[in-house]
Amino acid sequence: MRLESLRLCGYRNLQEVQFTPHVGVNIVFGDNAQGKTNLIEAIWMLTGAKSFRPGRERDLIQKGAAQARVEGAFFAQDRHQTAAITLGDKRGVQLNGVEKKSASALAGSFCCVVFSPAHLSIVKDGPQLRRRFLDGAICQIRPQFITALYQYRQALAQKNALIKDLYKNAELYDLLAVFDEKLCQLGVRVYQMRRRYFAALSNWAGQIYSGLSGGRETLTLCYDSVFSGDEQALDAPQLQQLYSQRLQEAKKDDLRAGYSTVGVHRDDLRFLIGGLDCRLYGSQGQQRSVALALKLAEGYLLREFIGETPVMLLDDVMSELDPSRQNYILNHLEDAQVFITCCDRAPIEQLLTGRAFYMKSGHLEPCGSEED
Ligand SMILES: Nc1ncnc2c1ncn2[C@@H]1O[C@H](COP(=O)(O)OP(=O)(O)OP(=O)(O)O)[C@@H](O)[C@H]1O
Ligand SMILES: [Mg+2]
């Protein structure tokens, strides 16, 4: 999968941008606040997803302009295709010239994986962000996971509401067992799908991290859930039985806390480098490398599903990384079209194959680069 050309009009500070990227690595460099992330975001919009940055849709339209337009030509599913999105006045979406109802109709046509500095929070912050990352990645390739997760969350919300009600209506106590049974089934389904994805993710992330660190460090991923390591191999009925047991054991705590304290809604991931938890002990560069390895691993797993490598959008990925790690990103992400933003031109010197662009005040121009 690759972006062949991009044209932007009135998109954030990018008044008029037209460019033809390289099939391999594209470096976009420039000072702060010149429009590099805006460019990455505009490419991402062609996937049909919402922006990876917070804000409203109208924030994407250049201040003072009536509309923003993103037009892309890309090669995917063995053919040349086009997608266009107009925001603001006369909003519209076209895929291969055919009018679509909304941008979500573009989903699955042009696929990207994005790394932005905000993704560092997967490594640095609370478990919720790690679950969101894991769940988001699984949803892309297993639509049935969306249903399972939704049903689990619904059942959990109902059980939590019941726990709160029990203070006033103790006679509802027996109803808890009904919700617990549902939660056992749905929880095990969520667990098994997460677990399967996790196994593949940890394999890829480990390999990528090893490449990033030049083989000097080892990344191991751990998945903490309701079940311990040796219980993971059990089949679904056995897992449900155990799950049920764990819910029983937690009942007193649940009633005291006023919510369900045990279940897959508390799952977490840990990232160990040389056996030490990267969240607590990792250096800035190690934490960034782990977040990047996870995102790239997500991209390679998506490749297994869609049969081609998604475009990798790496925003501000170079800072805090030493030259050998930068070199890995620039020259070893085989078979992927990559867009990398950075503030200085130093990485261009290391780029073996690709193209570099200079972003200044929302204008993009090609600059000295090496071609294959
Ligand atoms: N709707 C908009 N209209 C006009 N300008 C906007 C709009 N939205 C954002 N901007 C401006 O775009 C500028 C560039 O933002 P961007 O995040 O792309 O910078 P950047 O080159 O990635 O910088 P950094 O290196 O600091 O990450 C910002 O100064 C911002 O104020
Ligand atoms: Mg930026």
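We count from 1, first residue shown onward.
Every residue gets a Cβ built from N, Cα and C, even glycine.
Features of the protein shown, as given by TrEMBL:
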type	residues	note
BINDING	Gly30, Asp31, Asn32, Ala33, Gln34, Gly35, Lys36, Thr37	ATP binding site
DOMAIN	3-350	domain 'RecF/RecN/SMC N-terminal'
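Taking a Cβ cut-off of under 6 Å from any atom of ligand 2, the binding-site residues Asp31, Gln34, Gly35, Lys36, Thr37 reduce to Lys36, Thr37.
Close to Gln34 (ATP binding site) in the fold, though at least 6 residues off in sequence, lie Asn13, Met359, Lys360, Ser361, Gly362, each with a CB less than 8 Å from its CB. Long-range Cβ neighbours of Lys36 (ATP binding site) (same chain, at least 6 residues apart, Cβ-Cβ under 8 Å): Val28, Phe29, Gly30, Asp315, Asp316, Thr341, Cys342, Met359. Same-chain residues that are not part of Gly30, Asp31, Asn32, Ala33, Gln34, Gly35, Lys36, Thr37 yet have a Cβ within 8 Å of the Cβ center of the ATP site turn out to be Thr341, Cys343, Met359.
Neighbour density at the Cβ, taken as the number of other Cβ atoms within 10 Å, is lowest among the binding-site residues Asn32, Thr37 for Asn32.
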